[in-house]
Amino acid sequence: MASTGVKRKSAPAAGKGASDGKFNKKAKVDSKKKAQPVETPEEDDKDKFDDSEDSDDGGVQLTPRDRAQQAQAKGKKDGANGASKNTNFNQEKGQNSRESHAIQKKLALERKMAKPLADELARTKKIWERLRRKSHVPSEERKQLVDELFTIITGRVKEFVLKHDATRAVQTALKYATATQRKQITRELQGTYTQLAESRYAKFLIAKMVVQADGEIKDLIIPEFYGKVRKLINHPEASWILDDIYRQIATKEQKAILLREWYGPEFALLERSKDEKPTSDLATILEQNPSKKAYILKSLNDMINSLVQKKMTGFTMLHDAMLQYFLNVEPGTENFNLFVEMIKDDEEGDLLKNMAFTRSGSRLVSLLLAHGSSKDRRNLLKAYKDNFVLMSGDTNAHIVILTAFDVIDDTKMSSKAIFPELIGDDKEKATDNIVVSISNPFAKATLLYLLEGQTRALFPDNMSDDLTILKEVHAIRETTSKKDAEIRRKELIAVMSPALITAVVEAAPVLVADPFGCQLVADVLLSAEGDKTAALEAVAAVAEGDPSAEPMEAESVPNPVHVSRTAFGGRLIKTLIAGGRFNKETGKVELAEPPLKFADVLYPIVKDYIMDWATGPSSFVVLNMLEAEDFSHASELKKTLKKHKKDLQKAATEETAEQKEAKEARAQKDSENSEKGAKKGKKGAKKADRPVGNLGSKLLLEKL
């Protein structure tokens with residue numbers, strides 16, 4: 001035993017430390033393996049002490065014979081010394097390691113508990129762990145926990161929110177707090193909101209505060225960002241909170257104050273005490289400060305360029321600033337060209353993609369398309385590859401597609417870029433895509449814009465911004481586009497028509513059962529190009545059967561009511577029989593070319609139930625048939641109507657089911673109003689009786 005110990009001690013002195021390192025490392029690894037305790041006599045204590053010293057010098061040096069035995073028994077990585085003394089040494093070393101870890105853990109806990117608010121932090125974490133399981137906590141217990149949480153954090157909120165493990169507890173307290181408690185936290189944090197916005201964890205607290213808060217709390221928080229926009233918008237954490245506040249929370253005046261700071265440091269010192277409302281409209285500011293135009297534009301451009309170079313391009317505030325700059329530089333000038341080049345230099349296209357989905361950004365992209373050369377327009381479209389479906393259904397981004405339809409002369413290029421994504425190459429998928437798109441007003445407008453134009457039905461009041469942008473784009477294209485607008489439109493319609501007509505053929509029952517689907521069917525049959533015979537027959541087939549029969553459940557049709565009993569279905573059939581849209585300005589129907597002759601397609605299908613149509617909700621369909629110039633069965637229809645003249649007279653004079661239902665609803669409403677009026681001592685004026693009977697049946701009688 002002694003000789004072995006001497007041999008191990010002499011190894012380092014031999015100058016072979018480098019060559020023996022792998023063996024020493026092996027011994028260290030092996031010493032960590034767990035082994036059963038080995039009893040050793042007390043006289044070995046000295047040797048054990050020597051062993052511990054030797055281990056510091058590199059561990060046990062193994063002979064070639066020992067290494068061969070290790071490799072044979074357990075493999076090269078799992079070798080172990082067979083000597084009982086060494087095993088005992090390794091085991092003891094493992095025990096010391098465990099004890100050392102326990103001591104270190106204890107010291108760490110002691111240091112943690114010695115920190116300020118240690119007990120309070122520990123308790124808030126316990127409360128948070130309970131509160132975050134919302135569905136598992138009874139309301140009474142939750143109230144008690146929230147009250148306890150407020151007791152702990154009141155007066156010390158600032159200290160809690162800057163700790164990553166405690167700020168979640170404060171956010172939870174805010175979530176379940178009363179209005180008074182929220183204001184209490186808000187006032188306690190006054191003066192620190194910009195600091196919190198820069199914190200990796202506390203920034204989320206600000207987001208929750210402003211989203212859930214009332215106007216008073218917002219007015220306490222937002223002004224703290226005034227004068228600090230230029231600094232915060234470049235901060236990796238605070239920039240997102242600042243933009244969220246700007247986009248979602250700030251009022252029009254607050255947005256103006258925040259955006260003005262982009263125009264230069266002096267605009268951060270806006271005279272907010274004055275009665276006049278602040279404006280961020282750069283044209284107005286430049287008009288008031290003409291001598292500062294170069295300075296303001298440079299300051300604005302520097303701010304924009306700084307964020308673009310940092311790839312921080314998703315901010316609504318940035319897009320608003322970019323639009324203001326673009327609108328106030330002259331096309332063709334150096335500033336204009338450099339600005340456009342900066343946008344084009346974004347190789348990944350993230351800037352353009354982000355811009356399309358904000359109000360100002362989408363307008364700016366539309367203006368870039370309108371001003372751009374054919375090459376610029378092609379490159380702009382290329383940036384949106386694989387995103388056209390998403391864009392078509394977005395509140396803002398769809399206008400970019402509409403602009404592309406209106407300004408790009410190379411319709412072959414634009415149709416290849418847009419339609420395969422918007423509609424689809426595969427026929428089955430194309431039909432599904434078209435049917436799905438009608439439920440989204442923006443996707444529907446994108447799909448039908450070329451067919452229908454800027455009608456009120458396609459662009460209701462909530463989409464009036466689209467018409468403003470398109471008007472602006474059309475004025476610019478007068479000088480930047482060469483192709484006639486109508487030729488461009490027809491070329492694009494020719495490309496998309498086959499898919500639209502196929503969709504009507506394959507999904508007519510689904511489309512006709514939906515008011516927006518009826519709009520699509522009418523647009524396709526009146527304005528699309530190609531053979532529409534199959535589509536007309538498919539729509540006529542939907543009208544088959546007894547209109548008065550009870551509706552049957554149909555899996556593929558969301559509304560199995562007969563087409564003649566729906567207002568939108570009746571309007572569709574009337575429009576198709578008329579053969580065109582009614583123009584209010586001229587007072588005439590603008591006929592489609594070639595004529596549809598839908599009355600001839602429909603009559604053979606509905607003639608067995610023609611009197612149900614003539615006396616039902618869609619009686620005007622029969623009236624339109626009689627008035628249609630290209631209807632070849634007019635005499636036969638008139639003969640049938642004369643034969644059942646009594647039925648027409650009855651329908652024309654008796655109250656219809658719809659009128660009866662409406663009358664009962666009015667009576668109930670009048671009764672409620674009269675009770676309220678009696679309490680107030682007022683008498684309601686008696687309204688004139690409404691006309692009774694089927695108006696379409698009355699007009700048919702006049703025709704006969």
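Backbone N, Cα and C define each Cβ position, glycine as well.
Summarising the annotation, TrEMBL assigns compositional bias 'Basic residues' to 1-10.
Residues or ranges marked as compositional bias 'Acidic residues' in TrEMBL: 40-57.
Residues or ranges marked as compositional bias 'Polar residues' by TrEMBL: 83-94.
Residues 614-615, 617, 619, 641, 684, 690, 692-694, 697-698, 700-701, 704 of the same chain sit 6 or more residues outside the compositional bias 'Basic and acidic residues' (648-678) yet have a Cβ under 8 Å from a Cβ within it. Taken from TrEMBL, the feature compositional bias 'Basic and acidic residues' covers 648-678.
Sequence annotations record features per position, and here TrEMBL assigns domain 'PUM-HD' to 84-458. A mean pLDDT of 88 is what the model gives for the domain 'PUM-HD' (84-458).
Summarising the annotation, TrEMBL assigns region 'Disordered' to 1-102 (among others).
The feature region 'Disordered' is assigned by TrEMBL to 645-704 (among others).
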### For the compositional bias 'Basic and acidic residues' (648-678), the number of residues DSSP places in helix, strand and coil
28 helix, 0 strand, 3 coil
